[in-house]
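Enquirer: Just passing along the structure, written as structure tokens.
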């Protein structure tokens with residue numbers, strides 16, 4: 001019957017009576033000294049001792065700040081203080097849940113309407129939470145309060161709640177109607193996800209107060225409740241409800257009564273909110289830890305979440321009477337109201353939420369932090385280096401320098417000298433730049449410098465020549481150089497480590513080390529002479545006149561001559577012509593083999609016709625670049641007008657890059673060249689037109705001559721090899737191709753590089769792709785593109801050079817590119833071999849998988865037959881497509897449609913329309929194109 005009525009309490013009592021007592025007794029707990037009590041009385045005494053120590057805490061030290069806050073507070077008139085009304089009592093009773101256990105008076109919520117007896121007594125039942133069961137600290141005490149006392153507490157809470165809700169923060173979710181801590185947890189999670197998404201740090205402060213409601217001091221609590229304006233009458237009632245209370249501990253038997261503070265009460269919900277609002281903190285950014293002031297911080301509770309990106313916190317308790325911040329720790333603030341820390345969590349607050357960053361980013365961050373630690377020390381050290389030490393010790397004699405202090409950084413970073421040791425140490429010729437400590441600063445030490453060779457002191461023809469010398473660091477020095485008639489002045493300067501700016505009686509010279517830097521920067525970083533002079537000027541504080549002197553000297557023939565000298569000294573061909581000139585590939589076959597080359601054009605390496613003429617042939621000769629006269633002579637006699645069928649033959653790269661007006665300003669429109677399969681440059685030629693078949697034909701002719709001399713077979717990779725093959729075939733048929741060249745090209749194998757092949761038709765990919773042809777392996781044929789990528793930055797320098805200087809500069813750049821490839825060729829070959837082995841394994845796996853999926857057995861011969869069949873099918877489809885409609889008819893139809901549409905737009909436009917002039921101009925242009933196309937088509941028809 002009770003189950004049908006929904007009376008769960010009666011059902012539970014009935015079942016417990018029928019089943020008997022099954023609740024296991026509370027385990028024996030240890031005493032404070034670790035011993036186990038023997039008798040039940042000793043056990044009960046241990047529990048009494050535990051709850052007395054837990055609930056009867058000593059009063060905390062007085063807090064002047066808390067007293068000042070309570071004294072300055074004023075009562076809120078909106079809170080009623082009259083006797084409880086019937087409605088309030090009814091509402092308080094309705095909030096009590098039936099079926100709860102009775103307090104010490106034995107009155108259940110159902111009998112609360114009869115009469116209350118004792119509101120100040122309660123029963124404490126210890127329930128195990130977690131951990132070891134023999135420790136009292138692992139149990140939670142549940143207090144059974146008097147039900148009439150709960151009604152009284154509910155009435156007081158109903159009057160205080162509106163006031164407390166108005167005073168609490170908007171982030172407060174715990175103990176707030178209509179809110180839940182789940183919202184705060186979601187907020188924290190969303191913040192963490194957003195910060196992780198943008199790879200920004202997020203720091204969250206967590207505070208865990210140890211048994212806050214069990215250990216809070218009541219007197220401090222009443223002072224805290226005064227701050228929001230709680231009336232004194234209600235505070236008195238609350239204090240009476242919490243004063244002179246006693247509780248009984250029930251453990252496996254009758255309760256044992258003792259006097260403790262009451263903590264488990266209805267009003268703890270609102271009172272606790274006021275308690276946790278008191279310790280307020282402000283934070284500012286510092287290096288380690290939350291310290292400082294300037295931004296609001298989350299209060300001492302675990303149900304509020306506020307975003308902060310500071311790495312540590314310092315909490316300040318500000319007195320309202322004296323508006324002065326006194327720095328204190330969170331533990332000290334909590335102690336003012338009797339609170340303690342749970343395992344001292346303040347040492348672990350502000351633990352950052354882990355960021356989703358890579359190991360590289362973490363290492364970079366650690367490196368930056370390490371540099372930040374050293375930054376101030378380095379600045380301090382740099383300031384100290386600007387002055388000599390107090391007790392300056394000579395670098396040679398180890399004695400203190402008391403008079404003139406000389407410093408030479410070229411000798412040593414700590415190169416301080418006395419005058420006598422300095423003159424002795426710098427007696428030999430050098431380009432050192434000493435400084436003298438004078439007038440509280442370092443100043444250049446003026447001394448006469450004479451550079452000479454040992455044999456010149458005994459030569460009667462010696463003479464002293466003043467020179468402006470740019471030393472190895474770019475500093476300008478005025479030096480006297482001894483010369484004689486026994487040898488040229490340039491030879492004397494070279495023996496002294498200098499390079500003359502002019503061939504006869506030079507007035508300016510450069511340190512060889514400085515020119516070496518200029519050459520290396522030019523080849524690697526593409527630094528022009530102008531940029532190099534600017535860098536030298538600002539590094540050494542040169543004047544504008546000195547910078548111009550350096551620039552004029554370097555833009556002459558001196559730098560070109562030094563580059564030529566440097567190249568010949570490296571090749572050593574002057575000692576033996578059989579030595580390598582740094583242009584041959586060590587991996588390509590020298591004789592009786594197959595050589596694979598890739599050729600292409602670059603239309604960015606142009607030269608302006610207004611940039612002067614050559615006064616002499618290039619110093620590098622034809623080591624890399626073919627002679628321009630021979631190229632022009634071949635193109636003038638070679639006819640490359642025979643066009644193959646359409647499809648893949650329309651290539652006009654050079655003509656489409658620039659207009660005809662721009663084309664006329666250039667006497668060199670680009671460079672055509674080739675590299676071997678190992679990306680080592682071979683031969684190059686200047687171009688004087690757009691992309692024509694004459695340039696690849698002439699380059700192939702040159703490469704075939706060299707290959708024939710070594711009995712090598714040549715394989716050529718070209719981005720339009722299909723069109724070049726058709727051109728060579730047609731030229732051979734009409735007799736325009738020389739007989740010897742025609743015979744050589746019959747042995748030639750042409751292919752299209754890997755990436756360019758995807759822009760061709762399917763048949764071209766089948767017939768000419770290096771991945772389809774035998775003998776090319778995994779050569780991609782893009783070596784020329786990699787070379788152009790290295791040479792393109794030189795265009796801004798070479799377009800303004802004379803023809804000979806341009807060829808020399810590009811030759812130096814090509815040789816430098818070849819040297820870089822040769823030096824690391826064993827690394828690249830090893831890497832390519834690993835890739836080839838891996839590609840072979842993947843191909844075999846794919847082939848085996850295809851055989852298993854096919855379900856039929858087929859051999860490699862079948863695959864080859866299918867490939868040939870595919871080629872035949874594509875050939876037939878191409879013939880049908882190419883013979884259907886000629887290209888000139890398609891172009892004529894497209895222009896005719898455009899012509900008719902423009903006519904319709906002109907008719908639709910009004911006379912004063914701005915679009916009329918535009919359409920009319922386009923219309924006239926298409927009229928001219930139409931007539932020219934008609935004449936051209938008529939010639940084609942008559943020819944056919």
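Just so it is clear, glycine is given a Cβ too, placed from its N, Cα and C backbone atoms.
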Enquirer: If I go by TrEMBL, the feature region 'Disordered' sits on one of 24-54, 55-85. Which?
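Expert: Of 24-54, 55-85, TrEMBL gives region 'Disordered' for 55-85.
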Enquirer: Mean pLDDT for the domain 'CxC1-like cysteine cluster associated with KDZ transposases' (462-537), rounded to an integer?
Expert: 89
Enquirer: For the domain 'CxC1-like cysteine cluster associated with KDZ transposases' (462-537), jot down how many residues DSSP puts in helix, in strand and in coil.
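Expert: Helix/strand/coil tally for the domain 'CxC1-like cysteine cluster associated with KDZ transposases' (462-537): 29 helix, 23 strand, 24 coil.
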Enquirer: In the domain 'Reverse transcriptase' (130-250), how many residues does DSSP put in helix, strand and coil?
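Expert: Reading the DSSP string over the domain 'Reverse transcriptase' (130-250) gives 65 helix, 13 strand, 43 coil.
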